[in-house]
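Heads up: the structure comes next, in structure tokens.
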Amino acid sequence: MGTEELIIEAPASIANLGPAFDVAALAINPPSDIVKVKVTDGDGVFIRNSGEYASSLPSEGNGNSAYLVATRAIELAGLRRRIEIEVIKRIKPASGLGSSGATSAAVAYALNKLLNLSLSEWDLVELASYGELASAGVRHMDNVAASLLGGLVLVNPVIRRVIRVNFPELSIVVVIEGSKPNTGFMRSILPKAYELSDVVANMANVAQLVASVLMNDLDLFSRVITNDRVAMPYRVKAYEHWGVVKSVLENHGALGVILSGAGPSIAAFFKEKPQVNEIKTELMSAGLSPVVILTKPSNEGAREINHY
Ligand SMILES: Nc1ncnc2c1ncn2[C@@H]1O[C@H](COP(=O)(O)OP(=O)(O)O)[C@@H](O)[C@H]1O
Ligand SMILES: N[C@@H](CCOP(=O)(O)O)C(=O)O
């Protein structure tokens, strides 16, 4: 074979969407990651990082999510190939925006085509989830599914099925403040067992969260998205900025304020475009140094682009 190359863009994601721990995620763009994947004759997987956040990434071996996905793809193909990947890192790593997952999704998308794997939607999500071993230690599938498919995704490893639905055109503000050790650590601080009443409450909230999106019922959305008893209450204790950011975003009319994934980013949903500059000024007066992003749901997932 000769040289074959693809350039793929994949959106960032907000995992959990409040009560739906490991089950739901929403693709957002901006930001997005871009990968250039080249397959030639030979052996080995080689990673190079570039872009704004390149310096926070491991470049070699199994530390980079791109490497883990590529080695798994080679295994599935049962072929000898040399794979070169440039990760153009534009989503801040370890910020709770599915940065490692976006890279993984883009690499899985590229290699499914370049190695002629012909994977089903679920198998593609599974392939991408190998990348999450680098950061979370487990193959949680919410972030990678959103980055692959776009929109709101609902993953169900029990029956091996992912469902995606379009998400309404809301404005989203993401406040990135500080960082976290990694997603694996933020998983380790969660309880190992839950009260039945908490489990039932979360099932009710997730069911009605999905219904609120399908029915475009923003009042219902607003009531259930902040209502989590599984992950958020335990994790926000690790983030000193949670209280002040939540109250500033609520004062600006947010429909709901949640921790994005495992944090530290905080995401807020708005019916109308909010005054982002005012939000930032108020957060800075409260002593924070946040990056504040105005973004929106991306109903498009990973896609091929011509150049970068
Ligand atoms: N391709 C990648 N993109 C982003 N982070 C990566 C990648 N590969 C490995 N990592 C590591 O994973 C950690 C960030 O992943 P994670 O905690 O899941 O963050 P998030 O999903 O919030 O971006 C960092 O320690 C980072 O070095
Ligand atoms: N469901 C996962 C999602 C982690 O998202 P990240 O963007 O913070 O990596 C979890 O909550 O652990």
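Here the Cβ of each residue, glycine as well, is placed from N, Cα and C on the backbone.
Because the structure is a prediction, the values reported are computed rather than measured.
When Cβ atoms from all protein chains are considered, those within 10 Å of GLY96 (ATP binding site) total 29, not counting its own. If you look up TrEMBL, you'll see LYS92, PRO93, ALA94, SER95, GLY96, LEU97, GLY98, SER99, SER100, GLY101, ALA102 marked as ATP binding site.
The domain 'GHMP kinase N-terminal' annotation in TrEMBL covers 73-151.
Residues or ranges marked as domain 'GHMP kinase C-terminal' by TrEMBL: 216-283.
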- Item | Three-class DSSP secondary structure - ALA102 (ATP binding site) | helix
- Number of other Cβ atoms within 10 Å of the Cβ of SER100 (ATP binding site) across all protein chains: 29
